[in-house]
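Taken verbatim from Swiss-Prot:
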TRANSMEM  5-25  transmembrane segment
BINDING   35, 48, 116, 315, 328  FAD binding site
CARBOHYD  75  N-linked glycosylation site
CARBOHYD  87  N-linked glycosylation site
ACT_SITE  199  active site
């Protein structure tokens, strides 16, 4: 392991982990990514990125935003429309219209969607060969006996690795979060929000024939009592992505998993009193259907995202309900800040030729800077995502724009200022 560089281990090869890896590599920081799956595999269907997230992509590495644009599907309208999916008269959705409750301007090409796997595939192609090691499930992280090696990572297959810094991008069921916060602590786990989402992709020719062009060409939120659904086009308009949310007062029945395939009848029943548009959309979904429990960190938010040379990012840090459609974008913001602070720390290591203790102190300062800059905003997103489905127009408007209009450049300036203050504090001590 090099003595004049900061070597980083990233746990998890999802969108946040690979985005972060690309940004660090572009800044000359050595990275290894460890992924428990057999290959690149992004579960889920559609995903969208808001304007702030796209700006953060460019800050991390302009190739990332270019990769997203290659797979993104433009909306026919630059307005996000919230419609009454419940009180719709008539029987044929091609001849009826859901009442527009309100709409929010997204900006030009401001909230485009894509298929998750398509985007992850584009990102993976940007990675140099050998950066990602698959079938590596993390067991523990602890200081290495030789402090020049930093942290010792033990995997469930009995192998080990070392790195100066460890970043957990391992999702909602994060092992790194458990290690960081304590396995039995309430903040170490995400908790059921008492909603689940039935998710599916409908071939666009079938959706267009059943619903009409206007209802499939752009982004809609269909509202009603105890259920609502988000629809938008993906895969260059060849598929309609559907996320149908159902309120569930019961505990999630599967202790060992948060996704399950189940009969569509429960989802059909939840939307049975809705208008013809939503009933038709549900009819077009497959049976059985993928059901996703919505877990988040709202009830027990972490009081820190870092400790020493270990930190968490993305869903591992701030798992949020998807009602804002901004969780993945918040992970990109995390990556932008982490790339910046680790680059600043690496430059100080290279110029000052610090020893192992000095390098460890700089990494700690970098991660504390990240926690200071990102955690408050990320946990606000978790809170707002939990409640937004029940809010009135004015609340939805300002909460949405608080996410979309975030000043990424100001965030990066704050990152530099906080890091320098952290380093100055280390020097005084």
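Count begins at 1; order follows the chain as displayed.
Just so you know, glycine gets a Cβ as well, placed from its N, Cα and C.
Remember, predicted model here, so these are calculated numbers, not experimental data.
What Swiss-Prot annotates, mapped onto the structure for a quick look.
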| residue | record | contacts (Cβ under 8 Å, 6+ apart) |
| --- | --- | --- |
| 35 | FAD binding site | 12, 13, 17, 132, 133, 134, 135, 136 |
| 48 | FAD binding site | 111, 112, 113, 114, 219, 232, 325 |
| 75 | N-linked glycosylation site | 106, 109, 111, 112, 113, 217, 218, 219, 232, 233 |
| 87 | N-linked glycosylation site | 99, 275 |
| 315 | FAD binding site | 14, 16, 171, 172, 174, 327, 331 |
| 328 | FAD binding site | 15, 16, 47, 49, 53, 314 |
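Across the structure, residue 116 (FAD binding site) and residue 199 (active site) place their CA atoms 13 angstrom apart. Summarising the environment of residue 116 (FAD binding site), the number of other Cβ atoms within 10 Å of its Cβ, over all protein chains shown, is 21. Those residues noted as binding FAD (35, 48, 116, 315, 328) have their most widely separated CA atoms at a distance of 23 Å. A 10 Å cutoff on Cβ-Cβ distances gives the residue listed as 'active site' a total of 22 other Cβ atoms nearby, all chains included.
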